[in-house]
Amino acid sequence: MHDSSSSHSSDGMNSKDVKVLTTPATNRSDIKVAEDGLILEDPATGEVRKVSASFAIDKEAESRLVWKFDIRILPTLAVMYLCNALDKGNLGNAKTAGLEKTLKLRGNQYNLILSIFFIPYVLTAPFLAMAGKKWGPSKVLPAMMMTFGLMTLLTVAAFNFAGLMCLRWVLGMAESAFFPLVIYYQTTFYRRGELARRLAIFYAASNIANAFSGLLSFGVFQIEGTSLASWRYLFIIEGGATMILAVFAYWYLPYDAQSARFLTEEEKKLAFLRIQLDSSSVVGEKLNLREAGRIFLEPTSWVILGIEMCLGAPLQSVSLFLPVIVKALGYNTVKTNLYTVAPNITGAVMLLILAFSSDLTRLRFPFVALGFAFTMTGMIIYACVDVESQLQVAYFACFMMTWGTSAPSVILDTWFNNNIANENKRIMLTSVGVPVANLMGVVSSNIFVPKDAPKYFPALITTAAFGGMGCLLTLLLGAYMILDNKRRDRKEGRKVRALDIPTEIMNEGPASASYRWFL
């Protein structure tokens, strides 16, 4: 590691005037952590000056390390999440190929099957997330994956409403903490300013899964003349592939950076320092439920949960009912599944654009708000136009729906994780917030009712209203953080960025005078 900058201005302080809290994990003995940030001490004169949290890190060595994480961890997680999204959302495709007729579903039974998934999803997520914190996401995630892959495969043996209900219940349990654990897992490898684009690459697998599901369904539904209904082959292929990949992930993913076989000893030390300075107050902190629960004493946590609720309705509506919405344009079953591909692909592209822009600007809340605005606008356009005479406009609205559903989820989760240095608090809020968003699938699955077909006007307006409220709450929370940062700057008499403060001294969160919100 080396001094990569000499442009920091001295504050004319002496070492005796500064209260040193600890020395970060670096081979530079002249760099220490003080109450208000990282300081560099001149051994000859005793003068100290404040420096950025990245000051002690060799940028070239860091780039090589991050690249190793990118090629080892990100593709594996992305494929795992692709399987997760396929196994969770394939009922929409199966419905277009006659699932309701094969299983003799009546009335609102299909909607109940969709809804039941989210009850165990919410109830079990915090417990599985805490298990992941205790035993490691690299072990718990593949175990969950093996379970929900098995439940998907067993769907081929469901022949009535009750059987499918039971399978969906266990599927909801197995998938509940998957996304929260992936978010937490990535925060142990990546710095705060690197996280959004990595999560976006991972989450884009969800959009690709929806597109791939449409293509896969298009091919599978051509199967005719067999003893099984064509939609059952979809579950055989997706469930079997998921279970095989779960075995690979268990062997391939590292427990943490310090035990990663693909890193050198120097790289392990650098990985520890990166997270200590710019992610966690205590790296690899032991599970402490009492400490984790204290996150709900922060008022901003409840606003975050409110935004998650507003996010959940549009997210689940598009995920579960895009094939149904597209089918309302008048296409047959095969074309309906094919025409869902392009909107989902552009949704993944827009997610990457917004996430990379968020990391580049080091801003989160404007891009969360923009995502909400896209989906809200798409829903309103589709609801207001005449689908038959304005087919192209209606189909474009489907694109806008997908543009805004993924970005708020990724960047919102990045935003509040960036503002929580305590690992226990971070996993707790994530394990509650993400399931709360998914719980809104109960709303989504019960507002798209057959009597409103083919336009589903009430459902579209309800979903748009959730999007509008989410946009408003996001802007209000962002404005509060800006004002609070300015208040803290005035109180200290100097302007400080969140990235200039090492997370090693931010364990107390907003209660600390040196704390700054990551916007």
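Each Cβ is built from the backbone N, Cα and C atoms, and glycine gets one as well.
Your range for transmembrane segment, going by TrEMBL and the list 174-195, 394-415, is 394-415. Among the listed stretches 143-163, 233-253, 363-382, 394-415, 427-448, the one sharing the most Cβ pairs under 8 Å with the transmembrane segment (338-356) is 394-415.
Proximity of distant same-chain residues to the transmembrane segment (143-163), defined by a Cβ-Cβ separation under 8 Å and at least 6 residues beyond the stretch ends, is recorded for 80, 83-84, 87-88, 90, 103-105, 109, 113, 128, 170-171, 173-175, 177-178, 181, 228, 232, 235-236, 238-243, 245-247, 249-250. The stretch from 302-326, 394-415, 427-448, 460-483 with the most CB pairs below 8 A to the transmembrane segment (112-131) is 427-448.
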